[in-house]
Protein chains: 2
Amino acid sequence: MSRAPISETMTAPVTVGVSLGDRSYDILIGPGLVAKAGAELARRLPGVRAAIVTDANVAAHHLEAFQASLSASGVDAQPIVVAAGEKSKGFDTLQEVVSGILEARLERGDAVVALGGGVVGDLAGFAAGIVRRGMLFVQAPTSLLAQVDSSVGGKTGINTPHGKNLVGVFHQPQLVLADTDVLDTLPAREFRAGYAEMAKYGLIDRPDFFAWLEKNWQAVFDGGDARVEAIAQSCRAKAAVVARDEREAGDRALLNLGHTFGHALEAATGYDGSRLVHGEGVAIGMALAHRFSARLNLASPDDAARVEAHLSAVGLPTKLSDVPGGLPGAERLLTYIAQDKKVARGALTFVLTHGVGQSFVARDVPSSQVLAFLEESLRP
Amino acid sequence: MSRAPISETMTAPVTVGVSLGDRSYDILIGPGLVAKAGAELARRLPGVRAAIVTDANVAAHHLEAFQASLSASGVDAQPIVVAAGEKSKGFDTLQEVVSGILEARLERGDAVVALGGGVVGDLAGFAAGIVRRGMLFVQAPTSLLAQVDSSVGGKTGINTPHGKNLVGVFHQPQLVLADTDVLDTLPAREFRAGYAEMAKYGLIDRPDFFAWLEKNWQAVFDGGDARVEAIAQSCRAKAAVVARDEREAGDRALLNLGHTFGHALEAATGYDGSRLVHGEGVAIGMALAHRFSARLNLASPDDAARVEAHLSAVGLPTKLSDVPGGLPGAERLLTYIAQDKKVARGALTFVLTHGVGQSFVARDVPSSQVLAFLEESLRP
């Protein structure tokens, strides 16, 4: 209680509620939330004990402050530090995390806290979903991508040699703490990659938000209130889709806008982040989805040009030729698309659009049309 | 359709419905269900493809007939055969099963079928719960224990070096096919162990069922209608508890009658099935729970004697001295009890009773009383 005056001098965080019945939860977005983490946990989950799952990079920047915050509020917490990078998103590291949680003798009413980006969130969330058949889960996302995408909606999981995110559970967190200050230390390229997912929400069904981003993107990159506002709008947009379709039976597929092409490009570049990171694949994928929609006479080419212009303005790639190191031919790219797990029963499913903010799920796209479009897009 | 006349000449199975909202499902209980499996799958899950997870022992007896049944109904199915025994219930075999399902290119709308006992059901159910974040799941339990216990209620999981069933998910099946004919090939000891769980349902809250078992147990062992009836009553009893408390927040803990003592005995004998199998531990545990309740003046000693008499009559062990090879002292047994995952936040939780069919969850049993009772029970 003696720390209350200090808290009150800081900007109050924005709260976005995710409505999922008895699995509803709050996302807090704002500066200084690492320092407030202990107080929020102690207040919302009284008596809870915790394991903090993080990676070596994030631990170096934020673990000490995070642990101090929990400790100051009397929340007993055990850190579990995994190697940084996508390779930690597999069965081996999952077992490490599960063992760490069990070693700490945490019970079903205790919490696994994910302090990190998407990999840590997916891994820790999966562990929280399976240890003792489901423990409490708290997300403290430290990348822009995790704050606007992977920390909302309850998808958790790991990769296997067969593909990405093929194993996991839906496990909703009790609380998400998105500290916007921690984004200041992100490399510019990683911030831009997260921005691609923000733009996506505008392109799916929020044309006003897309127009707002066209005007205010520089302020979002700079930080401050515009950044908090953009993250909050993104979380609201995703929360609305997830509330309509928690388990991806229908509408939630809209969130894959740009992802079918994007995942194929990630696969075609061997998931080599030095060539293409996920958000860059999504940026190219969104531009392609708009051009493909125009090619099919579903949308105006002007919209495709507008999307491409904005993504280019912020420094994101938009063309297949933007991928360094070259790509395989159209046939091979189509193979990567058909292996995508979102392809249901052999039919090619794409998120297409009638224009900015008018996306829809097309479940019957002939692969011959995709192939022709890829061939066209690969031409210099 | 040409096979319909043959089906109609067989005894119709008993159907027990498990009411869990949109996760409700049917348990079919009766003879000849292996032969009917394909028709039931094709009718209830049209267009489904399947992986059949089974162990080497069960495969030798039933896999060919099961596959033939699916094939005759046009259900494409890939067998995944794991080693028999509890050691398959771990991360290594889980990964094998997950890989097998992914190799078969099954999708979220396809089914994992568990053909086997509790180990296979828990393992396959866990895999079904996590591959693509949840596939369809069908249980074809081949042991009495699996038919009356592990196939009802959606608990799945594996063991870790820290303990049994510490990792898993709640994942309800779409259908359970309990073929009572396959029990004819069970060793007598294994049938008795499953019987202990049947008796448990009477002891929890169905005194009439317990009295019925006292009169009819020999007919249940012999097979035929009495066996079908006893299995159906057991499934109904468990389904009722699970419907009230799917995720074990309260009432479901009643199903642990006999299990806190039982698990401690399994741990104390190193999970060596040649000394003590799970159902035998439960039998001793139920007898101890009734004697402990009498010792605490919660129930009449006559009830404890009645329970012991019936379990002994069917050939089940009821005393600590019935465990071959000797047991550690009371202090050590208490340690095994306190490590049980059902012990919440350090308090000792037991299912105690006011008499036959009047069990209740006691969350505040002083460990000193448990220790004194164990010392007394260990005295020759």
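Every residue gets a Cβ built from N, Cα and C, even glycine.
Residues annotated as domain '3-dehydroquinate synthase N-terminal' in TrEMBL: B:80-192. Per-residue pLDDT, averaged along the domain '3-dehydroquinate synthase N-terminal' (B:80-192), amounts to 96 for this model.
Feature annotation from TrEMBL assigns NAD(+) binding site to B:G118, B:V119, B:V120, B:G121, B:D122, B:T142, B:S143, B:K155, B:K164. B:V120 (NAD(+) binding site) carries a helical DSSP state (H, G or I).
Across the domain '3-dehydroquinate synthase C-terminal' (B:194-343), DSSP helix (H, G, I), strand (E, B) and coil residues number 108 helix, 0 strand, 42 coil. Among the features that TrEMBL reports, domain '3-dehydroquinate synthase C-terminal' is placed at B:194-343.
What TrEMBL records for B:E197, B:H259, B:H278 is Zn(2+) binding site. For B:E197 (Zn(2+) binding site), the Cβ neighbour count at a 10 Å cut-off comes to 26, with all displayed protein chains included.
B:K164 (NAD(+) binding site) and B:E197 (Zn(2+) binding site) are 18 Å apart (CA-CA, integer value). A Cα-Cα distance of 12 Å separates B:K164 (NAD(+) binding site) from B:H278 (Zn(2+) binding site). Residues near B:V120 (NAD(+) binding site) in space but far in sequence (CB under 8 A, at least 6 apart, same chain), listed by position: B:V53, B:T54, B:D55, B:V58, B:V82, B:S88, B:A114, B:A146.
Counting every protein chain shown, the Cβ of B:G118 (NAD(+) binding site) has 21 other Cβ atoms within 10 Å.
Other than the site residues B:E197, B:H259, B:H278, same-chain residues with C-beta atoms no more than 8 angstroms from the centre of those residues' C-beta atoms, the Zn(2+) site, are B:L145, B:D149, B:A196, B:K200, B:G258, B:G262, B:G279, B:G281, B:V282, B:G285.
Ranking the binding-site residues B:K164, B:H259, B:H278 by other CB atoms within 10 A of the CB puts B:K164 at the bottom. Rounded to a whole value, the Cα-Cα separation of B:G118 (NAD(+) binding site) and B:H259 (Zn(2+) binding site) is 16 Å.
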